[in-house]
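Everything below concerns the one structure shown next.
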Amino acid sequence: MTSNPAHTALWPAPLASGAVDATVQVPGSKSVTNRALVLAALAAEPGWLRRPLRSRDTVLMAGALRAMGVGIEEGVGPDGSGEAWRVIPGRLHGPATVDVGNAGTVMRFLPPVATLADGPIRFDGDPRSYERPLHGVIDALRALGARIEDEGRGALPLTVQGGGALDGGTVEIDASSSSQFVSALLLSAPRFNQGVEVRHTGSTLPSMPHIRMTVDMLRAVGAQVDTPESGGEANVWRVTPGALLGRDITIEPDLSNAQPFLAAALITGGKVTIPDWPAHTTQPGDALRDIFTQMGGSCELTARGLEFTGSGKIHGIDVDLGEVGELTPGIAAVAALADGPSTLRGVAHLRLHETDRLAALTKEINELGGDVTETADGLHIRPRRLHGGVFHTYDDHRMATAGAIIGLAVEGVQIENVATTAKTLPDFPDMWTAMLGSDGLGA
Ligand SMILES: O=C(O)C1=C[C@@H](OP(=O)(O)O)[C@@H](O)[C@H](O)C1
Ligand SMILES: C=C(OP(=O)(O)O)C(=O)O
């Protein structure tokens, strides 16, 4: 839980003076954009990403793939509408250096890609990236035939000595600290000589929707994937080697980034509409329809998008967030304003996210007068009357948006380094003030 002294600027979180009433166009999903980039880069023909997210995490992913020989060009999409990236696969090669920033998707999804490159690919990133678990990917790739130099750390920084191809085969991993270990191996596996069979051996596996997202997106570009859900063994995924298609895909809005805006409707008893909310999706943010309904709102999927309405009441919740861990900071923020206590469970692995999110949420909410305690795998939140103060973000985009949610209802909350939202939502401060309108009411 380190804080960057260069990022001490304070942003006064706007207080809502009434019920919000706004339509908020949320940019593309980080998780879908970064998977689509990797799959398009590994394809046998060019492809298109329409409405990709452009944020720190996705720009780092695009930059890394370019450094390894992939063409990624700005375009307007084949039908002439919308912004797009055209991805032109090329021979992957080193030497190259990849900056992973603090992007889990970049640090986990790209070492397998680098094994397919000719030459050394060096991976480095923010100080926090050195602390985030990567051993599952490193050990698995070595077992599948890769050469990786990490000076025995099992973490970043490291160099993949790409040999132009990887044997692949069967591998056991413990992905209890991050589902991204499984996703990483599956995404590149169609290009491994023998494909892959990944066997998860750990006792828990977080973020299953993100693994389903990986599987669905692989299948959409022509890969053959066997999963526990398709009749296979529990905790075993198999990908057959084969060429991937270059597709034209439109990226869904980021439903986890819709969270603070939905929370605003819930907290102010207002209404927020999110256009283009997908009817079917593997994004974990879709669970907000149910979770925020249990916490006092109601919602309807209409032709205009997801229309979410607050009732003026905010209820506490007892919920296992293991499948949807990235929603925890926003739910904790709402829970701190509720009319009863909450228990958030199943998220011990959040201690190894952008920051130790359980410690950070506990400390920051309590410093505003709250009563939060950490449990072995989550948080107990007992709402108390909160007061203003500085809300530190620890370079964590979701801490910044959590602070903004609290600031809607609590006067004088100042967010330190709101610019950290650039990881996945660079326009957050402007979108937030636009939602509130010039008078603090819905636009
Ligand atoms: O694969 C993905 O796109 C993600 C998987 C999850 O990671 P963990 O399983 O490490 O929590 C999630 O928290 C992260 O924001 C994005
Ligand atoms: C955990 C997250 O990100 P990452 O992809 O860096 O793991 C997140 O966005 O909440």
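Just so you know, glycine gets a Cβ as well, placed from its N, Cα and C.
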Suppose a student reads TrEMBL and sees Lys30, Ser31, Arg35, Ser178, Ser179, Gln180, Ser207, His353 listed for 3-phosphoshikimate. Which of Glu229, Glu233, Glu326 should they find annotated at that same site?
Glu326
Roughly how many angstrom lie between the C-alpha atoms of Gly104 (phosphoenolpyruvate binding site) and Glu326 (active site, proton acceptor)?
12
Among Arg35, Arg357, Lys423, the binding-site residues whose C-beta sits under 6 Å from ligand 1:
none
So what pLDDT does the domain 'Enolpyruvate transferase' (18-431) average out to?
97
Among the binding-site residues Gln180, Ser207, which residue has its Cβ surrounded by the fewest other Cβ atoms within 10 Å?
Ser207
Arg35 (3-phosphoshikimate binding site) versus recorded positions Arg132, Gln180, Glu326 - nearest by Cα:
Gln180
Residues Lys30, Gly104, Arg132, Gln180, Arg357, Arg398, Lys423 binding phosphoenolpyruvate per the record - widest CA separation, whole Å:
19
